[in-house]
Amino acid sequence: MHYKYPVVSAFLRRPLIPVVHNNKYYRFQQKNMLSTTSTFTKERVCLIGSGNWGSVVCKIIGQNVLKHSNQFEPEVRLWVFEELFNGEKLTTLINREQENPKYLPGHKLGPNIKATPDLLEACQDATVLVFVLPHQFVPSVCDKMTGHIASNAKAISLIKGLEINAEGVTLFSEEISRRLGINVASLSGANIANEVAEEKFCETTIGCKGEEKEGEMFFNLFNTPYFRVNVIRDSAGVELCGALKNVVAVGAGLSDGLGYGSNTKAAIVRRGLLEMRKFGQTFFGDVVQTETFFESCGVADLLTTCMGGRNRKVSEAFIKTGKPIDVLEKELLNGQKLQGTLTAKEVNEFLTARNMVKDFPLFTTVYRIIYQGLEPEAIVRDI
Ligand SMILES: NC(=O)C1=CN([C@@H]2O[C@H](COP(=O)(O)OP(=O)(O)OC[C@H]3O[C@@H](n4cnc5c(N)ncnc54)[C@H](O)[C@@H]3O)[C@@H](O)[C@H]2O)C=CC1
Ligand SMILES: O=C(CO)COP(=O)(O)O
């Protein structure tokens with residue numbers, strides 16, 4: 001669905017039910033309702049994407065399907081964009097070593113993970129599709145999947161980005177839903193992949209506007225004692241936060257590169273949060289709830305990404321080295337992808353088409369520094 005400002009789809013405009021809380025799901029698990037339903041068939045899970053975050057999530061899901069064996073099939077399929085690593089196919093290595101040596105070295109994914117380079121084989125018969133790809137690859141991947149997925153499939157998007165251009169802004173959950181004709185929830189939070197892989201405690205937010213049992217299923221699929229899930233109804237807000245905080249993190253990295261201190265970064269974070277909320281209010285209206293910005297997907301993710309994320313790191317190096325972003329992405333990230341600089345460009349195109357760049361000074365200044373050669377000091381002067 002394409003949202004052409006100020007029109008927001010009727011689907012998303014329907015009233016949102018307040019936060020559905022975890023304890024509800026804990027009670028549900030204890031009742032073990034699913035095992036008493038005679039017609040119940042187990043969910044078969046497939047991950048679309050196997051980068052840094054994709055691999056961590058794969059490990060979590062691999063353990064949870066075994067834990068909830070009455071609800072899920074034990075095998076988890078992992079679609080891998082095939083490449084060579086040290087002269088061997090990545091899929092071969094993942095299946096043999098139970099580890100993704102390129103994107104998550106040092107962490108076992110589990111014996112029940114089956115990696116495949118064949119997208120259609122991976123998603124064949126899958127009833128739960130977990131999209132965890134850099135956002136720029138989603139359209140081409142969905143095109144290949146169209147017409148090849150199970151009729152009862154549902155999906156969840158862990159992608160942090162927006163499908164956005166001069167014409168309109170589309171959430172990836174909506175884009176995947178439109179292309180594949182299935183319900184798509186969203187998951188986003190303060191979740192730097194390597195820390196989650198080490199099982200350091202964090203929280204995350206799932207936005208699910210479908211039936212309650214769907215929220216419960218996603219809760220069981222992702223929740224662990226160290227990866228604490230909260231399920232809310234505001235799927236659009238969850239996704240919007242995850243995409244826009246990356247632009248703010250680029251600003252934080254520029255500030256770090258200039259040697260400005262914690263106070264300056266805090267100012268950028270505060271301005272960024274305000275622009276994120278304003279973007280939601282302006283282009284999505286009451287569909288995006290203010291409370292969502294206080295969930296893990298909101299202020300918490302903004303903070304962690306501005307302190308320890310890849311967008312921050314590469315933007316700092318942009319100032320310190322003077323090299324172009326795409327060169328630094330290759331040099332510093334070993335195949336991992338940046339989302340924030342691309343999103344800054346896409347957001348700017350969208351705002352320019354509406355003559356609204358002045359209403360979002362931080363987003364605009366980040367764009368101008370990265371793409372138009374504006375002096376970096378503008379990151380404080382022009383916001
Ligand atoms: N890494 C992190 O700490 C977190 C990332 N995310 C989000 O999750 C999403 C996926 O991120 P990561 O798993 O970290 O990926 P990544 O940044 O490690 O990206 C590399 C992935 O892209 C794949 N790829 C390269 N070219 C491709 C192509 N042409 N078509 C399809 N795939 C291709 C690579 O095979 C690899 O799996 C992003 O939107 C990111 O913002 C969310 C939370 C944490
Ligand atoms: O989304 C993230 C943490 O929640 C990761 O952010 P980066 O892509 O900047 O590393």
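Cβ coordinates come from backbone N, Cα and C, glycine included.
Worth saying up front: this structure is predicted, and the values here are computed from it rather than measured.
According to TrEMBL, the domain 'Glycerol-3-phosphate dehydrogenase NAD-dependent N-terminal' annotation covers 45-212. The annotation NAD(+) binding site is assigned in TrEMBL to G49, S50, G51, N52, W53, G54, F81, F137, A193, R310, K337, Q339. Look at TrEMBL and you will find K160, R310, N311 tagged as substrate binding site. TrEMBL lists 234-380 with the feature domain 'Glycerol-3-phosphate dehydrogenase NAD-dependent C-terminal'. The active site, proton acceptor feature in TrEMBL is assigned to K245.
A map of TrEMBL features onto the structure.
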| residue | record | CB count, 10 Å |
| --- | --- | --- |
| G49 | NAD(+) binding site | 24 |
| G51 | NAD(+) binding site | 22 |
| W53 | NAD(+) binding site | 24 |
| F81 | NAD(+) binding site | 18 |
| K160 | substrate binding site | 27 |
| A193 | NAD(+) binding site | 20 |
| K245 | active site, proton acceptor | 32 |
| R310 | substrate binding site | 22 |
| N311 | substrate binding site | 25 |
| K337 | NAD(+) binding site | 16 |
Farthest-apart CA atoms of G49, S50, G51, N52, W53, G54, F81, F137, A193, R310, K337, Q339, residues recorded for NAD(+), distance in Å:
21
Per DSSP, what is the residue count of the domain 'Glycerol-3-phosphate dehydrogenase NAD-dependent C-terminal' (234-380) in each of helix, strand and coil?
120 helix, 0 strand, 27 coil
Say you check the Cα of N311 (substrate binding site) against those of the binding-site residues G49, F81, A193; which is nearest?
A193
Looking at the binding-site residues W53, K160, N311, K337, which have a C-beta within less than 6 Å of some atom in ligand 1?
W53, K160, K337
Listed recorded positions are G49, F81, A193, K245, R310, N311; which sit with C-beta under 6 angstroms of ligand 2?
R310, N311
Under DSSP, is W53 (NAD(+) binding site) part of a helix or a strand, or is it coil?
helix
Pairwise C-alpha maximum, in angstrom, for the residues (K160, R310, N311) that bind substrate according to the record
13
Quick note, G51 (NAD(+) binding site) and K160 (substrate binding site): C-alpha atoms separated, nearest Å, by 13
Binding-site residues G49, F81, R310, K337: which have a Cα within 10 Å of the residue listed as 'active site, proton acceptor'?
none
So what's the average pLDDT for the domain 'Glycerol-3-phosphate dehydrogenase NAD-dependent C-terminal' (234-380)?
97
Counting only residues outside K160, R310, N311 in the same chain, those with C-beta within 8 angstroms of the substrate site's C-beta centroid are N246, A249, T305, G309, L338, Q339, G340
